[in-house]
Amino acid sequence: MAGGKIRKEKASASASNRGPSNHYQGGVSFHKSKGQHILKNPLLVDSIVQKAGIKSTDVILEIGPGTGNLTKKLLEAGKQVIAIELDSRMVLELQRRFQGTPFSNRLQVIQGDVLKTELPRFDICVANIPYQISSPLTFKLLFHPTSFRCAVIMYQREFAMRLVAQPGDNLYCRLSVNTQLYARVSHLLKVGKNNFRPPPKVDSSVVRIEPRKPGPQVNKKEWDGFLRVCFIRKNKTLGSIFRQKSVLLMLEKNYKTLQAVLASLLNNGSSGETTFYSPMDLADQSMGIEDDDKEMDDDMEMDEEEGDGGETSDFKEKVMNVLKEGGFEEKRSSKLSQQEFLYLLSLFNKSGIHFT
């Protein structure tokens, strides 16, 4: 079931006894506040299944099956459907709907929170999800240890456009770069809000995500920490971002820690306890994967640039030299390609500067 965190609407007089945000299908009420929006257009359901490219031998993971409108089509197309559903009422409805049918032995229903559930092996994921779990679910799928062919997911339209955005696009952000490093992402179709019951307040989009094989050879935490810094203000020059006190202090602590570890290895052959700092330590400037990658507002003040003097001044020069060496000092994250980000990170690491 797709949806978002939508405020409850006032009920009409004729429906006041049902509650302000409850809608019904087959005797089951849906709660908009929980992101429960059932896809009701059968032609759209058919289109999603067709675009997913399901094979008759595929094990399909469905997240948020609701009352089973999409589930039925998936069972017709594939070998098995494993459906993960949080709402116990929907689980019972699914079991009731398919009990005694030829599909009953090919449907496995798991009740639970998909973000807390260990995902099974599957070939393809097709999902109409609650919009509030879009980002964490996307990365849970991308980091799933077992290889799968693709995921076809219904997202809130703006989130979907962030996933597929390219350098220079208004919605290009850390989410775009992160996702596209691990997968090929393509927009399949726009879905109007009236295709759902109850209708959400925003339009949706279906996106196809194909994990890259082999996966990128990068340290996930280092890569994410690097992008957090670069996208503090995506339209500011990288030179101005990396001159901020908080950024320089975090990087310098990591640099000194690494130097101490290397010295310990050379002298004693043992590294001992090691503490590294990450951009999450930048307090209100940190941006988790779960926050839809929204950068700081343009009217917010950036930290003061680090003044000249002491060791920090020397380290600042070291950081600026890295940016100048690659020609990045005057460039902006909003315009950089994935390959340029990877190259800049390699230059920093080559100079002993790390982000986690």
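Including glycine, each Cβ sits where the backbone N, Cα and C put it.
For His37, Leu39, Gly64, Glu85, Asp113, Asn128, the entry in TrEMBL reads S-adenosyl-L-methionine binding site.
What TrEMBL lists as compositional bias 'Polar residues' is 13-24.
What TrEMBL records for 290-311 is compositional bias 'Acidic residues'.
Per TrEMBL, domain 'Ribosomal RNA adenine methylase transferase N-terminal' is recorded for 44-213. Along the domain 'Ribosomal RNA adenine methylase transferase N-terminal' (44-213), the predicted structure has mean pLDDT 95.
Annotation source TrEMBL lists region 'Disordered' at 1-25 (among others).
Residues annotated as region 'Disordered' in TrEMBL: 290-316 (among others).
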Cβ neighbour count within 10 Å of Asn128 (S-adenosyl-L-methionine binding site): 27
Entry from the binding-site residues list Glu85, Asp113 having the most other CB atoms no farther than 10 A: Glu85
